[in-house]
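Worksheet: the structure to be examined is printed underneath.
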Amino acid sequence: MAQGLEVALTDLQSSRNNVQHHTEEITVDHLLVRRGQAFSLTLYFRNRGFQPGQDNIIFVVETGPLPDLALGTRAVFSLASHGSPSPWIAWLETNGDTSTEVSLCAPPTAAVGRYLLKIHVDSFQGSVTAYQLGEFILLFNPWCPDDAVYLDSEPQRQEYVMNDYGFIYQGNKNWIRPSPWNYGQFEEKIIDICLQLLDKSLHFQTDPATDCALRGSPVYISRVVCAMINSNDDNGVLNGNWSENYTDGANPAEWTGSVAILKQWHATGCQPVRYGQCWVFAAVMCTVMRCLGIPTRVITNFDSGHDTDGNLIIDEYYDNTGRILGNKKDTIWNFHVWNECWMARKDLPPGYGGWQVLDATPQETSNGLYCCGPASVRAIKEGEVDLNYDTPFVFSMVNADCMSWLVQGGKEQKLHQDTSSVGNFISTKSIQSDERDDITENYKYEEGSLQERQVFLKALQKLKARRFHGSRRGAELQPSRPTPLSQDSPRSLDVPSLRPSDVVQVSLKFKLLDPPNMGQDISFALLALNMSSQFKDLKVNLSAQSLLHDGNPLPPFWQDVAFITLSPQEAKAYPCKISYSQYSQYLSTDKLIRISALGEEKSSPKKILVNKIITLSYPSIMINVLGAAVVNQPLSIQVIFSNPLSEQVEGCVLTVEGSGLFKKQQKILLGVLKPQHRASVILETIPFKSGQRQIQANMRSNKFKDIKGYRNVYVDFAL
């Protein structure tokens, strides 16, 4: 009598499968595969070969703490069985005397996560033997046309899934600077930390079975991750801090990568890391989403609105010196950073899939949790603010109007309504390039165009209807048809408008006379132009105050009063200078100074307001690679840095990192740097991954926190 078939050994072919599934950058020692794509394994038998028709091999895959067939977190399927109710399939590739190679394929809708793989061998004499073959991790698959995250461009897949470094754009709309960032989504332990992050979410803690079953949806996963990046509702990854007091943690400006943040969160038992601001939240979320296989990019919106009352108007208040007043609900962030993730949106009408906004910075709640999105970028552009999720809030960030008010004697006087000041130079890193892409046109029609105003009014009408029905931000809403526009829409929605009599005949404008470098005086001029045929006598109050990047001002540190007489059609320049000693002790980490001028004509109630935001710049760190970079060969790297100030700085620390180049972030204590002192250090490392890599560096001291630099390096294979 023939013996029952016995399995002696299993080869999951991790190295071969991982290369085919684009996961070899993570590891080749453990099986990591993508859904909707076949992977192979070999079964070695102890006593004889597999006999089709007489032996039956049944595969079992399970994920989550409570695997369930009905929920899809457990699947049972036979080798080469057609018509099986399971969406998982397996088939025979080759059959030898003592071994069999089979291929398995998860459905393109399967839940992502860690799986246990088992088989039951049913031989012809009736004996059934169970074997546990091992674990594997299943990820989203942007290479699979049937996956909801499918992206049909290989260059885009390489940039938005496989690239482990990039740039986050900061500064202001007139001075946009790239800040290098190490996403490091394929670094050691990052995939395990990402899966741990899912298990620490409130969704999993409340109902683990349902949570795991829903992990096949990128919409669901993105909302879970978005809420977990901040720590407002749970033990998420990052604590936000905009107070300028970071003594018990890291200044957000010091970070240059996600890996150190995620590993610290993991090493401390999932205690939130201190501290982050918008670009840190977005960068860490980018790391997690790319690691899970969802195409993701980091977006910067300059002059980003934060409209708290949902009327698409950002109200800014000034006193009679031109100083912007704090403690207001609405703000315009100098820049704000969020993510876009690529996915189908079967929960929305056709045409609203593709790039979706997700914002992990904790600003407002969505369905009770601090997360935002996914909001369809196309829905934002078209003003379809009733489509899930959080589209009204994102619309206001890129296309709200700004209303300026003068506060004097307990009364508010309208100064100006600007329809184009919010949402400028929306930026992301170019595909396979270090250049910046301006994607503003993805979010809104051209400012000043009829189409842009029509969309704005449509959004206002939808929000009015939404408020009438008592809906809240993030609530499940039924999409409505586009609302017809009426000529009296603005007035019926209490949107203030400017009358012809409000138009002034004198213009004011600021102009920088020299580049605004840290440690040097700031020289600028106020340009006044009389556009009328009459003489004009002006009194102009000028002020300067430090500004946080979220729009909140610090007390003013410089003021001046200018008296300017203008002949008809005459232009004059009033020169101004703010010395380093005047601004140095008042400067925030963001290095932002807002200069304002409030002008008034003699014997006229009309007021003219103009302001300009200045970002002070540091000299960059220089990085030189000394010699050829080759995998597993020693490499020397020179880092050149300087103290840009005319005063001594203390507590200088240099940090250097780079995925595939350094196993962990390097930290060098530099101590004291004399005024204007320039120095360098040599670092030794051994690259362990080939291909295009990037080195990121940051220097901090007691006077500055974020002098940065980067260098791209191509690492060759070892000969």
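Note that Cβ sites are derived from N, Cα and C of the backbone, with glycine treated the same way.
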From the ranges 408-437, 468-497, grab the one TrEMBL calls region 'Disordered'.
-> 468-497
Provide the number of Cβ atoms within 10 Å of the Cβ of Glu447 (Ca(2+) binding site), excluding the reference atom itself.
-> 15
Any same-chain residues 6+ apart from Cys278 (active site) with CB under 8 Å of its CB? Would you list them in sequence order, or say none?
-> Trp333, His336, Val337, Trp338, Thr361, His549, Asp550
Ten-angstrom check, please: count other Cβ atoms within 10 Å of the Cβ of Asp401 (Ca(2+) binding site), all chains counted.
-> 23
Compute the mean position of the Cβ atoms of Asn399, Asp401, Glu447, Glu452, which form the recorded Ca(2+) site, and then list in sequence order the other residues of that chain whose Cβ is within 8 Å of it.
-> Ala400, Thr419, Ser420, Val422, Gly423, Lys444, Arg453, Phe456
Quick one: Cα separation, Glu447 (Ca(2+) binding site) versus Asp359 (active site), in Å?
-> 24
